[in-house]
Amino acid sequence: MEGGGGAYGAAKAGGAFNLVRFVQQPQVLARIVSAVFALIVFACLVGDGYTSRPEDPQLYCIFNHNEDACRYGIGIGVLAFLACIFFFMVDVYFPQISNTTDRKYLVLGDLGFSGLWTFLWFIGFCFLTNQWSWTRAEDVYIGADSARAAITFSFFSIFSWGLLLTFAYKRYKMGVEDFAQSYADPNPGVLTPYSSYPNISHESYQQPPFTHTAEAPEGYQPPPVY
């Protein structure tokens, strides 16, 4: 989201929504690209990831007959696509959220999910590549191009989700810095003198009433002592 004027890199709540400006944001573009990559991966595996021999109608995974490889690719692809849709809607409504705590949790969720899926896409790319290298050519009748496409876009997804991780971290860091500036002491080191009681000074002290010293009556003289 755009920085300046709001917490965690978003504009202040209540602003008008500009679709063109929203779509042009790098974070939104990276999220759309990540969704497209995820769609290609699980579509290739669902459509052509399972094949069978002419003499055996039973379907098996094209990646070295390893069902886990196909399930893994389909699983992370579907979840990544759904997550992109969810966080895309979060990006749309994020400027309308006035609660700073809610913004913080959403940014942390985006940060954690992006980091996790960057790692899972890396594992998926390595897993599919390894299984494809052990696949025999005579076992692949159709779907070879789809298998290669799944591997290729798994590799691309590592970088697209890495970009999302970077953008989420920048947005979180921006929010932390805004919070620190909001609660900083405006005049550190300037000490004001402490006064025990206002408008009281030692020079203005007066003798309290009703404490006069005893004085002898005027004209009275004590008798002489012999």
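Cβ from N, Cα, C; glycine included.
What you see is a predicted model, and the numbers here were worked out from it, not measured in a lab.
Features as listed in TrEMBL:
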type	residues	note
DOMAIN	22-173	domain 'MARVEL'
TRANSMEM	28-52	transmembrane segment
TRANSMEM	72-94	transmembrane segment
TRANSMEM	106-130	transmembrane segment
TRANSMEM	150-169	transmembrane segment
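Between the transmembrane segment (72-94) and the stretches 28-52, 106-130, 150-169, it is 28-52 that has the most C-beta pairs under 8 angstroms.
Within the chain, the transmembrane segment (150-169) has long-range Cβ neighbours (under 8 A, six or more residues past its boundaries) at 26-27, 30-31, 33-34, 37-38, 40-41, 44-45, 49, 73, 80, 107, 110-111, 114-115, 117-118, 121-122, 124-125, 128-129, 132.
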